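J.: Below: one structure in structure tokens.
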Amino acid sequence: MDAKARNCLLQHREALEKDIKTSYIMDHMISDGFLTISEEEKVRNEPTQQQRAAMLIKMILKKDNDSYISFYNALLHEGYKDLAALLHDGIPVVSSSSGKDSVSGITSYVRTVLCEGGVPQRPVVFVTRKKLVNAIQQKLSKLKGEPGWVTIHGMAGCGKSVLAAEAVRDHSLLEDCFPGGVHWVSVGKQDKSGLLMKLQNLCTRLDQDESFSQRLPLNIEEAKDRLRILMLRKHPRSLLILDDVWDSWVLKAFDNQCQILLTTRDKSVTDSVMGPKYVVPVESSLGKEKGLEILSLFVNMKKADLPEQAHSIIKECKGSPLVVSLIGALLRDFPNRWEYYLKQLQNKQFKRIRKSSSYDYEALDEAMSISVEMLREDIKYYYTDLSILQKDVKVPTKVLCILWDMETEEVEDILQEFVNKSLLFCDRNGKSFRYYLHDLQVDFLTEKNCSQLQDLHKKIITQFQRYHQPHTLSPDQEDCMYWYNFLAYHMASAKMHKELCALMFSLDWIKAKTELVGPAHLIHEFVEYRHILDEKDCAVSENFQEFLSLNGHLLGRQPFPNIVQLGLCEPETSEVYQQAKLQAKQEVDNGMLYLEWINKKNITNLSRLVVRPHTDAVYHACFSEDGQRIASCGADKTLQVFKAETGEKLLEIKAHEDEVLCCAFSTDDRFIATCSVDKKVKIWNAVTGELVHTYDEHSEQVNCCHFTNSSHHLLLATGSNDCFLKLWDLNQKECRNTMFGHTDSVNHCRFSPDDKLLASCSADGTLKLWDVTSANERKSFNVKQFFLNSEDPQEDMEVIVKCCSWFADGARIMVAAKNKIFLWNIDSCSKVADCRGHLSWVHGVKFSPDGSSFLTSSDDQTIRLWETKKVCKNSAIMLKQEVDVVFQENEVMVLAVDHIRRLQLINGKTGQIDYLTEAQVSCCCLSPHLQYIAFGDENGTIEILELVNNRIFQSRIRHKKTVWHIQFTADEKTLISSSDDSAIQVWNWQLEEYVFLQAHQETVKDFRLLKNSRLLSWSFDGTVKVWNIITGKIEKDFVCHQGTVLSCDISHDTTKFSSTSADKTAKIWNVSNGELLHLCAPLSEEGAATHGGWVTDLCFSPDGKMLISAGGYIKWWNVVTGESSQTFYTNGTNLKKIHVSPDFKTYVTVDNLGILYILQTLE
């Protein structure tokens, strides 16, 4: 060794001896060929970690320059970058014609790239397979920097993963083809939640500085998009290696313009993805010579010197690298047992693991049994503990420290014994160590230890409870993600049903887990462990699952909603509500703000599941025939298929070049049809997602498609903007029949249950029934007459009928109009029921096969699953949003107009409703002492009704346009009104005196009465004005926003006022000088405005310290800090006004679904 290198090593010897863990360093040096097995044993025999490090350095000082370089690279690979930096200046110059280090021909650049990318190191014993490695490298070179796929396929245990890792240990390949680096992902057999975990971990690794996002993606689609951005922007021209891929659907998550190398047992997995594809097959066995080479390296002998038994052992191992390595590791420790191990293999004395079509397990079974039996007695039972690990799950060291109640170093020493004997694998990325079993080893352990599994799972739960409380796990803890994902699995496997129920029925656990990984995995666990959870209380299980299902679209958003406040909106009989109430009361004592929805018992939640699978409007959703799957499509041009029970995604297909307007399952569930704005109709394989047929005979966009209900003679019907309906036979290439009759776009079509009739909805305002056999029109309904009570102008009627669906008996049909759904009896043309819940246009309605539920899909990006019986029983009255509220002591009185124009007076506490009169009302208000009500109409007329004797007073002077807002003064003698005509009218109705406030240049949005005969008004002209209502003069005039001012309020001390605008901001101003004090609407990291839309109303608390705002939902703000104190999410959105009690403890509003909310501060 050079004097310079030697002196550098001596200089930093003390620091090295203090910090390094020798077992991992020695693995590298043995792999490089600069440390022998006997030297390794000598180091291991030292009693302490520091003494082992001292012995290793003493050995290196006696070696050559190449050993120094090997030691330096090992430090880098194991994350000791600070220690490696100390040795950098001492690196000796080694002559090499290729410019590579002599150590295995691998440069430090390659080592660094592979280390950072998580590529596994070479096995302790490594045999080159140059022909295969070269073939893989040639295929990778063919990608030429463009997206594509290179597949290495072969049977289990044939060395695919080792070959993939070896192929990228090439300086020129990385430098020329993948300068952005290499990123390794161990995939394995996964369900959707498992894949999401893999993607989350990969995104974290690729974005360690969190420059793109500070939170984990909450679903596969978001993770796929995050991965695409990271690969394009932070890691361009890099290679993604997917190890051990089982299913084709998994690849879709990575199908985002990446260069990908994958290993698999099934070479057809790439059939479902796009781009160039290259395949490298790996032979099923090593061959005799390669097998002998592996054994010779393990026992440190030349091949020619191997005993005769070695040839027979290779034969019995059937050429599997994995099995040969297991036997080789045993022989390294017991070199005199060749005959013993051969007899064990030949006699087949060991219990068989179940067979698999992809692998002969017999040899592995025997080799595994021998390997385990030969472990030291003091560590053998630790290996048994690993039986509880799931396949392809990498376990952090900390988890096993908790399981065994040991220090990290002790655990790592034990695990290294298993790794050395090929009984365990280690994934090392920097200083983080994660251990995993090959899936064949998991099979072996679970089969061998099946009688102990329950106790083993119980052991890990018991140990976990000693160290952690479930809901206090912190994301920065090494083992955090493992417990969040597998704690319920271990409890269920341990049959600790009581503990599992306590965990799953805990609002704390739900909050902690959904905030980190989203709701999908939790919903999956509620379904998977339902048989256990139902044992305690079926109703409680349903409470929690329904809470997650119906709030999933909120729990996946940022900023994360307050889950306690969401829980308070559940029915009072719900366990979720009970826990939320308990927590809320505790937190209220510490100054937290919570709201009770006191009239919620009058609201029935009719939908059963709400999911958000698309990134844009959802145009259609449908059940599979067995009811187990749901297909949906929309403006994002995709077809999605997911489980009806949990919302777990099964397929995602980029189906068309333009928006996909409709989709349909065939009766036998073999096919899914889609149709699009691109004028095409496509047929897909419902399981694999492969394209089967394409039809393009329509001349305009195709709006709808539907299969016959019988598979005996399968037909598909389609309707288009070309006004035609077409029938297609899947066995023919061309259209079978074209149906003429509609005079405008055909929006929807449905076969009757017996397939004799086809119903079609059109923009011409008709519902037509067609004879399927003859293609002739049988009957036509003018659907306009069903909507005569609609408030929409008659000229809008032609677009109101969007879709229909037959009930199973063929006698009823469901029709969607705007955001409402109506159920009609076909024979009598009478309405059976209606329901509401969507925030925007409903594009699709569909009954389930048994008629017990139906699906609706909407522009609001949600799909809702409804229960038919509930809807028929709860055809509720819908309130208009123009309401007035009077707060009297403990009473809350609400004056409202319903959708059939009835004025009703509602007692907010008791729910009692008094129907007053029917009128063409545009707005209404109550007098402070409940003696009078006033209402305005679209003609500008204002009337006052005296409640005691029903006398009516009418204003002599009308507004010129629709009256939108009216309010009594405190003495009830004066009524103030505003209109589209930009004027404010002050009417002393008892003296018939009028004052007109005219200065706004555009429509007055609203006004608010202040003290001392003052009035605050705001307008579409962007100004806020303060008036004296006696003199009619302006006292203050503020220009607050460039656009429409939607709402204003002034603090009780009159020092501050707030304004909101169509720019989705809320501002707080100084009244005296007009200075802006706070901007209350910063953008979240996702880019969505804090208020969820326009801020339409504001109100200060009496002490001026708090502000409430209404918009997409309701928010409470701390005026001093400008920060949000609480958020209440209404079922609907677009709140127009918030009415607040004088004590600032009760709040009333109506959303755009007509649902009334009376909220009260929890005390």
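All residue numbers here begin at 1 and follow the chain in the order shown.
Here the Cβ of each residue, glycine as well, is placed from N, Cα and C on the backbone.
Automatic prediction, not curation, is the source of TrEMBL annotations.
What TrEMBL records for this protein is below:
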| type | residues | note |
| --- | --- | --- |
| DOMAIN | 1-90 | domain 'CARD' |
| REPEAT | 611-652 | repeat 'WD' |
| REPEAT | 653-694 | repeat 'WD' |
| REPEAT | 695-738 | repeat 'WD' |
| REPEAT | 739-780 | repeat 'WD' |
| REPEAT | 835-867 | repeat 'WD' |
| REPEAT | 956-988 | repeat 'WD' |
| REPEAT | 997-1037 | repeat 'WD' |
| REPEAT | 1038-1079 | repeat 'WD' |
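Show me how these features fit into the structure around them.
T.: Helix, strand and coil residue tallies for the domain 'CARD' (1-90), in that order: 69 helix, 0 strand, 21 coil [DSSP].
Cβ atoms under 8 Å from those of the repeat 'WD' (653-694) belong to residues 248-249, 271-272, 619-626, 629, 631-635, 637-641, 700-711, 714, 716, 718, 720, 728, 730, 748, 843-844 of the same chain, restricted to positions at least 6 beyond its ends.
Mean pLDDT, taken over the repeat 'WD' (695-738), works out to 91 on the 0 to 100 scale.
Residues in the repeat 'WD' (739-780) partition by DSSP class (helix H, G, I; strand E, B; coil) as 0 helix, 23 strand, 19 coil.
Non-local neighbours of the repeat 'WD' (997-1037) in the same chain are 964-965, 967, 969-970, 974, 976, 978-986, 1043-1050, 1054, 1057, 1059, 1061, 1071, 1097, 1137; each lies 6+ residues outside the stretch with a CB under 8 Å from one of its CB atoms.
Listed as Cβ neighbours of the repeat 'WD' (1038-1079) (distance under 8 Å, sequence separation of 6 or more from its ends, same chain) are residues 1005-1006, 1008, 1010-1011, 1016, 1018-1020, 1022-1025, 1089, 1091, 1093-1104, 1107, 1109-1111, 1117, 1119, 1122.
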J.: Using DSSP, what's the helix, strand and coil tally for the repeat 'WD' (611-652)?
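T.: Summed by class, the stretch gives 0 helix, 23 strand, 19 coil.
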J.: Within the repeat 'WD' (997-1037), how many residues are helix, strand or coil going by DSSP?
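T.: So the repeat 'WD' (997-1037) is made up of 0 helix, 24 strand, 17 coil.
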J.: Counting each residue once, how many in the repeat 'WD' (1038-1079) are helix, strand and coil under DSSP?
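T.: Across the repeat 'WD' (1038-1079), DSSP assigns the residues as follows: 0 helix, 23 strand, 19 coil.
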J.: DSSP says what for the repeat 'WD' (653-694): how many helix, strand, coil residues?
T.: 0 helix, 23 strand, 19 coil
